[in-house]
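Going by TrEMBL, these are the annotated features:
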type	residues	note
DOMAIN	A:163-456	domain 'NADH:quinone oxidoreductase/Mrp antiporter transmembrane'
TRANSMEM	A:20-40	transmembrane segment
TRANSMEM	A:47-70	transmembrane segment
TRANSMEM	A:90-110	transmembrane segment
TRANSMEM	A:146-163	transmembrane segment
TRANSMEM	A:199-223	transmembrane segment
TRANSMEM	A:280-301	transmembrane segment
TRANSMEM	A:313-332	transmembrane segment
TRANSMEM	A:339-356	transmembrane segment
TRANSMEM	A:368-387	transmembrane segment
TRANSMEM	A:408-428	transmembrane segment
TRANSMEM	A:448-472	transmembrane segment
TRANSMEM	A:484-506	transmembrane segment
């Protein structure tokens with residue numbers, strides 16, 4: 001056999017550049033951002049990075065808009081890169097959500113008015129507590145690497161929700177996680193806590209990735225392919241052992257649930273939310289949640305819909321556990337960031353209810369919930385970053401006593417946001433819960449919805465506690481002050497609160513859009 | 001049916017026998033001159049120093065940085081081998097892709113270089 | 001389409017004047033928005049804007065009412081589609097209004113009483129800082145309440161339901177510096193959440209079984225449901241009604257809610273919001289018509305609550321708390337009435353309307369007294385005030401006569417009809433519920449007369465005390481005209497509304513398109529007999545109260561203690577306690593026991609649940625050790641559970 005003679009060209013995969021342009025723009029900008037870090041002098045970096053990042057969001061948004069707009073006549077979506085990535089209606093919705101929420105987070109990240117020099121340390125490599133550390137505390141510079149890191153994480157998230165095979169999904173998971181681990185450790189104040197959070201998140205994240213990877217391997221053993229569609233085909237009729245399938249599914253799902261901070265895989269959430277710089281917490285709480293649930297929705301719907309009889313009961317239990325853990329443990333929290341963390345665990349439980357509904361309504365309801373929850377969360381953390389004393393943010397709840405007397409506007413906004421988290425009508429939180437629960441009821445998950453309603457009633461208590469504290473308690477004499485935010489933070493909070501209101505009063509356009517179509521694979 | 005694999009089995013057997021032979025033969029053949037370095041765990045012939053010269057008991061951090069950078073770039077370069085092997089089959093598309101890949105690694109290199117990651121001190 | 005059992009007519013699309021019905025919601029909402037956004041700039045004119053928007057809404061409501069009155073019974077029910085609110089697949093929640101006799105009745109009540117109380121608040125809140133915010137919240141409340149009654153489906157109702165809860169929460173906690181206001185606001189919010197849970201689950205059941213939540217569709221198709229589902233829905237809706245309307249076992253928040261300003265107590269916690277439960281049951285009449293068991297539970301709750309309310313009302317010394325328990329008890333009557341079914345829906349609504357007049361009037365009178373007495377709420381520190389506040393006294397007395405059901409005042413017509421209808425129930429039920437309602441009438445007369453004597457008649461005990469507890473001297477005085485006029489208007493309503501609505505079954509006929517025809521009952525006792533009995537028993541209650549509290553002057557405080565007003569007040573209390581123990585020992589014990597159960601049992605249940613959750617939370621919290629190793633272990637255990645469960649499901 002002479003194979004030297006005939007060179008047979010390997011056919012490159014078809015690439016629909018217009019469809020994946022938003023991701024390419026974000027990734028490309030991240031690379032340029034790294035070069036900025038390399039070649040620009042220190043004092044120019046912040047301004048250059050902010051401009052670049054804004055342009056990136058505008059560019060990616062435009063590309064996405066052009067693609068989605070032009071595509072109206074064609075069908076529900078396409079797969080590209082030999083089926084590794086799908087760009088369908090849910091993905092477009094999630095991409096828009098991610099870009100909007102990412103933009104909001106970037107505004108908080110870029111703000112330098114609330115904390116002089118920004119929420120990020122000037123040089124994260126300096127050991128906390130040393131002479132050099134005390135010296136840099138007075139400097140107003142910041143570690144501008146946070147911009148490329150955010151862009152890389154965002155690109156990872158975008159790929160994650162669009163990934164149509166498990167390997168792509170795993171790579172995207174790492175691309176989104178690794179920058180987040182670093183970003184958690186960059187806080188300017190309370191640096192030890194921040195670094196501890198980063199290490200914890202990294203270790204547990206690596207642990208969860210291992211679960212995911214092991215599950216992936218077992219599923220490959222079962223289906224002989226990592227493609228979601230092939231796994232779905234294999235579940236239809238395969239002589240392979242089901243043990244491989246369900247063990248693989250379980251491990252894979254654990255990895256995903258970890259990222260979404262669903263209880264009982266939530267243990268990292270309170271510590272990391274508390275320790276990370278608040279803008280990063282906002283980014284994690286909003287965008288990571290969107291990405292993780294985007295991935296969960298796709299995996300469950302595309303690959304495992306046929307076997308849902310076997311796994312649904314288990315995820316049912318996980319959802320209950322998550323709601324109960326979030327609602328009950330939130331009751332005794334004394335730190336406002338930890339409280340929001342437990343609230344996010346409870347919300348993850350609600351989202352999981354929508355995700356296991358496996359109907360069109362379940363899909364669109366969950367997508368809407370993600371959008372609504374993300375905006376509320378960003379505004380919540382924006383507000384938290386404003387309440388400060390000499391040591392930085394005053395996150396202990398006792399310090400929030402009587403805040404309404406010091407700053408009625410801030411307390412009013414925060415009250416509104418808390419009511420949205422509690423799911424009171426006129427806020428997006430109500431509509432989100434309503435559509436998710438309605439979908440679950442329709443799909444025969446009525447008992448789960450009852451548990452969810454009870455959990456949200458319990459959770460309402462700790463939101464209310466903060467409201468009562470702000471309005472009815474006497475402010476402490478040495479209490480925190482409320483910083484007047486600069487333009488960036490103001491915009492982020494205003495937009496977050498406004499969207500929370502708009503989606504509560506007039507959600508139909510977003511619901512229409514969330515329900516425009518299903519997954520393509 | 002498994003005939004093609006027979007040489008492989010021999011290979012394994014040979015390797016195992018060699019290892020066994022070396023370990024068992026060494027005490028009988030070699031001279032027995034014990035010293036502290038030899039009796040230490042993880043012995044490699046050098047006495048581990050209780051206090052290294054610099055850093056007061058710790059390895060200099062630059063060592064880890066360099067090691068890590070080496071591993072990162074090294075692993076990334078591994079991707080060049082499969083490309084090189086089938087470069088002719090991949091054609092122009094593959095060339096562009098690998099160029100992009102190298103450029104991306106180049107960005108990281110530029111960052112490391114400009115921010116002093118390669119300076120020992 | 002076949003008309004459902006209730007005889008509710010099909011809705012036509014709203015046209016003409018009715019197509020502007022969104023104004024009803026928009027006007028107060030606009031007022032609230034302007035007042036909240038304008039900030040301090042609105043201090044000068046904020047209250048006027050607040051009043052103007054409500055009065056405008058009232059005027060529009062009146063116009064709409066007369067237009068509808070001019071139409072035939074078939075055309076009186078119309079729907080106005082505003083926009084699609086939550087459209088997802090099969091679930092299509094539209095935002096629409098339903099204009100029919102029932103909702104229009106409530107519109108008039110809410111905007112009418114609302115306007116009066118807004119005007120009253122100008123005077124009452126004149127010295128308050130941030131009065132505009134108060135008006136903003138009131139406007140917000142009116143807007144939400146109108147949404148509650150005007151919505152054309154259960155989800156819209158739920159929307160308004162939560163909105164009024166929020167406004168009520170904000171207003172109960174108005175006096176932010178008072179700790180009891182904070183705890184009262186919290187209690188109200190949480191107890192309401194329990195009720196809301198019931199309402200939410202009921203809505204989800206409807207949605208699951210019928211795929212719709214609009215009134216028209218639900219009522220048209222409700223007979224497709226199994227009797228079990230119908231019973232579940234009726235009980236869950238009742239739970240919601242209990243939370244909002246302060247019915248047993250969720251009544252404890254309502255008296256505490258009196259920590260809010262008096263106009264709020266009058267508008268929200270007497271006339272309108274707390275009657276939302278009655279509205280909910282009356283509105284859902286096609287569902288309740290199908291479940292006799294559900295209605296029986298409603299009647300039991302109503303009966304139990306009305307007794308509890310008036311017995312505890314005898315024991316309190318706080319002016320507004322007595323009135324609050326009176327409200328609990330009167331709403332018990334309404335719930336009892338709507339529990340009776342087709343013989344009672346219209347009666348419940350009628351009592352709701354007359355009660356709206358006289359109870360709002362009584363509260364405004366109480367507010368006027370407290371306004372003139374340095375915000376004093378303890379009736380033992382009052383007495384003989386009739387002379388100093390003639391207008392307040394006169395209007396209050398008219399409201400009082402209406403409440404205790406003396407003919408020809410309004411309460412007589414509405415309450416008597418309910419008692420008679422309760423006697424009309426077959427078998428033992430007639431005697432039990434009719435008897436309870438009669439007993440309640442007597443007790444009501446007793447505690448209200450006690451209130452009247454201690455506040456307005458007898459010796460002016462405050463003269464001996466000289467100053468209120470905060471050290472200000474008492475100078476009882478009549479209130480300004482902005483407060484007097486609303487009281488007079490409401491007093492006129494207390495006098496005439498009952499006869500007007502009852503005469504020729506005016507109200508029942510008007511409500512027929514929504515509630516079905518009012519059926520006649522012929523029970524063990526005929527109507528005349530019931531009327532005579534109830535008036536006689538009320539008079540017995542009045543006489544008893546006069547014997548106990550009015551015959552001789554209340555014990556004068558001894559000279560030694562004049563300079564210690566607090567101790568004197570305490571001595572006053574001992575004297576009366578002795579008085580009560582000698583003459584009405586069984587009653588006192590019963591009321592004490594009920595107060596105890598109310599405070600310990602029901603509150604205990606609420607607090608106990610909170611403590612349980614808090615305790616387990618505190619214990620579970622220790623699992624969050626901060627060690628990565630234990631976190632990793634918890635993840636591993638979770639993963640093992642998930643895997644184990646998956647494989648178990650698969651291979652079992």
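Each residue, glycine too, has its Cβ placed from N, Cα and C.
Those TrEMBL annotations? Automatic predictions, nothing curated.
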Restricting to the same chain and to residues at least six past its boundaries, which positions have a Cβ under 8 Å from a Cβ of the transmembrane segment (A:313-332)?
250, 253, 257, 262-264, 266, 339, 342-350, 352-353, 355-356, 445, 448, 451-452, 455-456, 458-459, 461-462
Tell me if the transmembrane segment (A:484-506) touches the transmembrane segment (A:339-356). I count contact as 3 or more CB pairs below 8 A, with pairs 6 or more residues apart.
no
Considering pairs 6 or more residues apart, do the transmembrane segment (A:47-70) and the transmembrane segment (A:368-387) have at least three CB pairs under 8 Å?
no
Checking A:90-110, A:146-163, A:280-301, A:484-506 against the transmembrane segment (A:408-428) for Cβ pairs under 8 Å, the most are found for A:484-506
Could you check if the transmembrane segment (A:280-301) is in contact with the transmembrane segment (A:90-110), meaning 3+ Cβ pairs under 8 Å among residue pairs at least 6 apart in sequence?
yes
